[in-house]
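According to TrEMBL, the protein has these features:
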COMPBIAS  137-146  compositional bias 'Basic and acidic residues'
COMPBIAS  153-165  compositional bias 'Basic and acidic residues'
COMPBIAS  180-195  compositional bias 'Polar residues'
COMPBIAS  217-239  compositional bias 'Basic and acidic residues'
COMPBIAS  304-314  compositional bias 'Polar residues'
DOMAIN    610-623  domain 'SRP54-type proteins GTP-binding'
REGION    132-200  region 'Disordered'
REGION    217-244  region 'Disordered'
REGION    280-316  region 'Disordered'
């Protein structure tokens with residue numbers, strides 16, 4: 001039993017709708033549009049919303065969407081056939097009205113499709129009930145029964161026919177490989193006897209015929225079949241005696257002035273290093289704004305300069321035919337046209353560190369988006385598929401909800417409470433380092449920060465945060481802010497309950513008037529159930545405003561596994577009815593991957609959450625906001 005079936009245009013006009021069990025289809029269809037169609041996630045034609053399963057089909061030629069909804073506990077095998085039949089009949093019946101491509105014509109059009117749909121539904125249900133009875137295969141129908149009994153009997157000492165044939169082939173190869181040596185050792189007497197025997201008409205044996213053929217072949221082509229002699233040693237006499245000693249650049253050197261790279265110092269600190277450090281730290285931009293991520297490199301600039309130079313080897317005709325190659329004029333794209341291009345695109349995405357499953361789903365989404373679309377006269381399949389994939393990737397990197405921390409912090413200030421951010425992730429991805437970077441960014445924007453040291457497991461975790469706090473305090477001393485402490489560390493040592501420390505830190509921040517609380521947690525693997533339970537407890541008890549997952553840009557398929565299991569663990573171990581999941585992503589070590597930026601695509605695709613920050617270095621100012629177009633350009637670069 002179907003809940004509903006609706007047909008609407010991609011512009012949002014509902015052309016026809018069938019209401020079954022469900023009272024309204026607005027909510028599920030809107031969820032499908034927001035989560036799948038607008039986010040370019042059409043790799044799978046099925047979507048689950050609450051208790052319903054929605055299946056859809058896109059008609060890219062006429063810009064239509066066909067959606068059917070039914071209860072997900074039901075297994076309806078005829079749904080796919082029903083969508084195909086309805087799509088074919090509706091398109092053929094109302095082709096004239098749809099081809100006008102105007103909203104007014106669609107609104108004024110009358111789509112009386114109720115009787116046709118009920119007929120197709122009835123036929124689909126009956127076809128699913130009528131199934132041919134499955135009969136077991138008899139022995140007489142098998143291939144084994146067709147073989148004679150003699151062919152299946154193997155006696156000791158005999159080989160099967162296939163093995164005997166292979167051994168014969170190997171034997172002939174061995175004989176052929178030994179032919180030059182055998183013929184080279186033949187005496188002149190044997191050669192004369194062979195020739196005489198052939199001339200007299202005497203019937204020669206098989207071995208004699210083979211030997212004679214070898215002789216003729218060698219006489220015809222010369223003795224070049226012999227193995228080349230080994231390279232002899234050069235007769236040039238070696239120079240005796242020890243050469244002048246080599247002077248190593250990094251070894252000991254008598255001239256110490258060459259190794260003196262020191263610069264004048266001021267109070268024990270190098271003046272050049274001090275000035276460079278201050279300039280580097282103050283590099284976040286005016287007003288503490290984050291700079292956009294730049295994925296270009298010097299290699300790209302050199303390649304662009306080289307590409308601008310005209311190639312002298314290509315002629316005018318070659319360039320003309322190269323331009324016209326692969327053009328499809330005014331035809332609709334099919335799966336066969338795009339198959340080879342999509343295979344290359346999928347391999348390219350995997351090579352760029354995109355998870356394999358995500359790459360397959362992306363290519364499938366592009367195929368569904370372009371199938372049936374009419375191409376222009378001078379459009380190639382490759383350029384069309386590449387452009388559609390670029391648009392999909394940009395759309396994926398710009399998800400529905402955008403995290404604006406500064407706006408949310410100011411809203412929390414008006415409510416006179418601290419804004420709480422919790423960092424979580426696996427071991428060694430840089431949670432503490434990027435927490436310090438975000439602290440510096442918040443300090444540059446005039447907000448006071450309290451750092452909660454809730455990593456009570458790793459040795460040196462509290463000391464690391466203490467060092468960051470001392471350095472940040474030196475950059476933003478209380479004297480510059482009217483005697484107000486801008487950054488402070490809240491720590492209770494090791495071996496304590498992390499959830500309790502976070503609760504005490506939030507209460508301390510509320511009493512002392514801190515604007516933001518940054519909660520650092522211990523690194524944990526996604527398969528460690530006890531540690532994941534402790535993390536879910538910390539998030540459930542303290543209800544932070546923002547939960548950030550810290551992941552490194554070096555991972556490929558592991559990124560999907562980490563995010564899926566972190567979200568699943570937070571949902572399973574939470575005691576709340578609506579569990580708190582990951583709200584955003586901090587992508588670290590982005591400066592180590594060159595143009596292999598696929599982890600950003602994998603993480604955003606699997607969670608539909610935005611990448612809030614990107615870590616690009618080791619200094620406090622190495623924090624960027626994600627530039628979706630720059631990332632996609634680096635991803636699509638050959």
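Cβ coordinates are placed from backbone N, Cα and C, and glycine is handled just like the others.
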Under DSSP, the compositional bias 'Basic and acidic residues' (137-146) has how many residues in helix, strand and coil? 7 helix, 0 strand, 3 coil
Across the domain 'SRP54-type proteins GTP-binding' (610-623), DSSP labelling yields 0 helix, 6 strand, 8 coil
Can you give me the average pLDDT across the domain 'SRP54-type proteins GTP-binding' (610-623), rounded to a whole number? 90
